[in-house]
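Here the structure comes first, spelled out in structure tokens, and everything after it is commentary.
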Amino acid sequence: KEGYIVNHSTGCKYECYKLGDNDYCLRECKAQYGKGAGGYCYAFGCWCTHLYEQAVVWPLPKKTCN
């Protein structure tokens with residue numbers, strides 16, 4: 001599974017500005033989804049890879065980013 005890492009309190013994606021390989025995104029993806037996860041910056045959001053199937057990713061149901 002893959003997807004954008006999401007802030008559970010705001011419903012927002014984690015923003016990033018350095019596209020491609022991005023240490024911040026990799027660190028955040030691993031922190032939220034476990035050390036097996038990968039991550040990089042795609043379309044100015046942190047995109048996480050190698051997630052478990054039940055991983056919660058953006059968008060959150062009934063929670064819009066504002």
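Every residue gets a Cβ built from N, Cα and C, even glycine.
The recorded disulfide partner of Cys12, taken from Swiss-Prot and restricted to Cys48, Cys65, is Cys65. Bond annotation: of Cys29, Cys41, only Cys41 is listed by Swiss-Prot as forming a disulfide with Cys16. Of all the disulfide-bonded residues given, namely Cys16, Cys25, Cys41, Cys65, those whose Cα is no farther than the 10 Å limit from the Cα of Cys48 (disulfide bond) are Cys25, Cys41. Around the Cβ of Cys25 (disulfide bond), 25 further Cβ atoms fall within 10 Å across all displayed protein chains. Note: the CA-CA distance between Cys29 (disulfide bond) and Cys46 (disulfide bond) rounds to 8 Å.
Cys16 (disulfide bond) is surrounded by 22 other CB atoms, counting those within 10 A of its CB over all protein chains shown. Within 10 Å of the C-beta of Cys29 (disulfide bond) there are 28 other C-beta atoms, taking all protein chains into account.
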